[in-house]
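Worksheet for the structure shown next.
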Amino acid sequence: MTGVSSRVPPGGGPEESRTAGRVTPGRGAVAAGGTGDAGAGARRIWSRDFGLFFTARAVAKLGDTMLPVALAAGLLQHGHGVGAVGLAMAASAACFAGLVIFGGVFADRFSTRLLMSGADLVRVGTQSLAAVLFFTGHVVLWQICLIGAVNGAAAAVFQPGVASTVPRLAADVQAANGAIRVAESTAQLAGPALAGLLVAFVSPGGVFAAHAATYAVSGLCLLLLRLPPADPHGPARTRGFGADLAQGWREFRSRTWLWAVILIWCVLMISVWGPTVPLVATEVVREHGPRAYGLVNSALGAGTVVGGLIALRLRPRRMLRAGSLALFSFACFPAVVGAGLDVPAMAGGAAVAGAGMSFWGVMWATSVQTQVPPDVLNRIHSYDVAGSLAMMPVGQALAGPAAAALGADRVLLVAGVMALVVAAALLSVPAIRDLVRADAPGAPVVRGAAAGIPGPAACSRKG
């Protein structure tokens, strides 16, 4: 029952600077190591169109983080159990994961702006219907699961276009991703609290109505965008759908840094993130109560805001190397809980972990958006999303049996160790650690980004 949002994965009208066929996102982007001018970066990203996209992402994220509270409270109030909540969420996640690769092909073939706003319009309808069902008390599980499945399919159409939209709107892609990350993290802090208030003072149906409204705002903002062509000098689309799908796979497979990160990320989903989310919740609530868990979760969210702010300023020459180093900090989150430390220590560990994960997210998103040719970017991003999500349910499913066999504290300590292993594995791959940012002097040419593509300020309403 959710719209899956981007990860992951955030002045006047910006104009893209270019050199002989290579993307250079923003004249002031720092090519070598160092920090760069964060104020100049902010001036390069803010324009009418980026403001609309920024608002769309922040508002949609607010709604998405409200939804789990409403879904759990609503189904439990109407006599359904925890299994029903999981089934409703799984219906959305399964459709999203199964269809997002096809959504990437559609996004490369058609207008991403219209696809994304259309997907939001579909979810306005589904969440409005869910609100009516909960307001009237006619809550049937299969209907809720069907609504979730439709939402998942709509998210699969929506999500691939996010990756190609950012570099078309902002001269400084890294600063744009950092700003979006900060906004989404802030919304993630506010969403559950707002949902709790609506459930308490209105009903779960009120949260679904508010969620529908967030999709309406997002869809309207996206509809008002004026996007330049993704790649007006790219090859004409004469191939069929299947040929485009196959080309996307070839492009994905040809980039070692790309598929290696996603392969390693699957290990992280199974061994770290999958077990950490449910086991941290159960352990903290059991030992310290739900209020302590809320504090730890808020600290994690605050850390992601800090990580996004750091990513606005730091501009490493080798972005994935810097992001991988930051990922070492994520070991703090499961480790402090597994070690049985007190609540302030757990909150501190969560904040450090959130900052590291958020910084990595900006480095990764910017690398994909600037290193992949525009004409295949949406398809590549869909492989990224599908690969990143595919193993998370496996890790969550294995968390319970592993905790029963070894103890939840030991599983969390192992997850902390595996977080270190994953970060080290990323650094061990030369194609990952040595990838030079696209705007660095002497960086390899990125195909399909020839000079002459109009900047965001000069584009028409086509998109």
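Note that Cβ sites are derived from N, Cα and C of the backbone, with glycine treated the same way.
Note: TrEMBL annotation is automatic and uncurated.
According to TrEMBL, the protein carries these features:
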REGION    1-39  region 'Disordered'
COMPBIAS  20-30  compositional bias 'Low complexity'
TRANSMEM  52-76  transmembrane segment
TRANSMEM  82-107  transmembrane segment
TRANSMEM  128-150  transmembrane segment
TRANSMEM  207-227  transmembrane segment
TRANSMEM  257-280  transmembrane segment
TRANSMEM  292-312  transmembrane segment
TRANSMEM  319-339  transmembrane segment
TRANSMEM  345-365  transmembrane segment
TRANSMEM  385-406  transmembrane segment
TRANSMEM  412-432  transmembrane segment
Beyond the flanks of the transmembrane segment (257-280) by 6 or more, those residues with Cβ under 8 Å of it: 293, 296, 320, 330, 333-334, 337, 364, 367-368, 371-372, 380, 383-384, 387-400, 402-403, 408, 411-412, 414-415, 418-419, 421-422, 425-426, 429, 431-432, 435
Criterion met for the transmembrane segment (52-76) and the transmembrane segment (292-312) (at least three Cβ pairs under 8 Å): no
Recorded stretch, among 319-339, 345-365, 385-406, maximising Cβ pairs under 8 Å relative to the transmembrane segment (292-312): 345-365
Long-range neighbours of the transmembrane segment (82-107), counting only residues six or more past its ends (CB under 8 A): 1-2, 4, 68, 71-72, 75-76, 115, 141, 144-146, 148-153, 155-161, 164, 241, 244-245, 248, 378-383, 385-386, 389-390, 393
